[in-house]
Amino acid sequence: MTRAVLGIIGGSGIYDLPGLEDVREETIKSPWGEPSAALTRGVIGGLPIVFLPRHGKGHVLSPSDINYRANIDVLKRAGVTDLVSLSACGSFREELPPGTFVLVDQFVDRTYRRESSFFGRGCVAHVSMAHPVSPRLHVHLAAAAKAEGIAAVQGGTYVCMEGPQFSSLAESLTYKAQGYSVIGMTNMPEAKLAREAEICYASVAMVTDFDCWHPDHDAVTVQDIIRVLNSNASKAKGLVARLARDFPREHEPCPVGSDKALDTALITAPEARDPRLLARLDAVAGRVLNS
Ligand SMILES: CSC[C@H]1O[C@H](OP(=O)(O)O)[C@H](O)[C@@H]1O
Ligand SMILES: Nc1ncnc2[nH]cnc12
């Protein structure tokens, strides 16, 4: 049995996590570079929690500048088994107005300027992303939202754009026509890297705006977003507190294999693997490389 450790990545408007007991900061070094910030470690009802604000303290990192690999690597080193992303997003649907929490279950990756894998020359791996969200985590989030009286829509597709500019009207209308639910700038490659690191991942996409497709809402502005962001952020903190209180203390095996993703992913012959890359993969892939 593996002890569950719940990781929380805070997005725009979420730079700390109140309600933690035994709080301490921990700076963990990563062979993948600088993570967004030091980790905040604490406990809720006996469950270990690790918090990381993805844009850094004071929101100094744009979505393209975040070192997603270092973030996931340090969370893995901190023992995180289950990871919840809290993210602001725009909505493509009338029935998902600002203030709605969407427990997304699919992602479309439109980013192009980010490192999106731990693997590559010297150790190639292909993990499945068919089901990017861990169903157990999704169920616990849905139950926590219900218990907190937070309206949360279950399921939806999050399209991740590069940013930092918001979409043009043509892009927004295209994404809407594709049937996507929400848009943000950060959940990819985060979800891919979590999968490579065998960490169960789920994202709470918190709607702040209707992007620019909506006839009654012309352009998105950060000012408009911030107005909604703050009330979303306080609800999200309640959601996390409830999730942690009710979360199983033993890590539950993932029905879609998130926690064993590397069992079937490595293709490079052992004798052809680059020892320098293997050294950097010590945390992320240690389970399979050292067995
Ligand atoms: C402040 S609006 C744009 C910004 O907000 C979202 O960030 P996060 O996913 O970290 O909450 C979006 O992806 C953009 O980075
Ligand atoms: N409309 C939008 N597009 C991209 N990222 C967002 N984050 C919040 N609102 C957004």
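Every residue, even glycine, has its Cβ placed from backbone N, Cα and C.
Those TrEMBL annotations? Automatic predictions, nothing curated.
Phosphate is bound by ARG54, HIS55, SER87, ALA88, THR186 in TrEMBL, and the record lists one more residue there from SER12, SER134, SER231, which is SER12. The average pLDDT the prediction assigns to the domain 'Nucleoside phosphorylase' (6-244) is 97. Within 8 Å of the centroid defined by the CB atoms of SER12, ARG54, HIS55, SER87, ALA88, THR186, the record's phosphate site, lie the Cβ atoms of GLY10, GLY11, GLY13, ILE14, PRO63, LEU86, GLY184, MET185, excluding the listed residues themselves.
Under 6 Å, Cβ to nearest atom of ligand 2: this is the test, and of the binding-site residues SER12, ARG54, HIS55, SER87, ALA88, MET185 it is passed by ALA88, MET185. Long-range Cβ contacts of ALA88 (phosphate binding site) within its own chain (separation 6+, distance under 8 Å): GLY11, SER12, GLY13, GLY184, MET206, THR208, ILE225, LEU229, ASN232. Among the binding-site residues ARG54, MET185, ASP211, the residues whose Cβ lies under 6 Å from any atom of ligand 1 are, in sequence order, ARG54, MET185.
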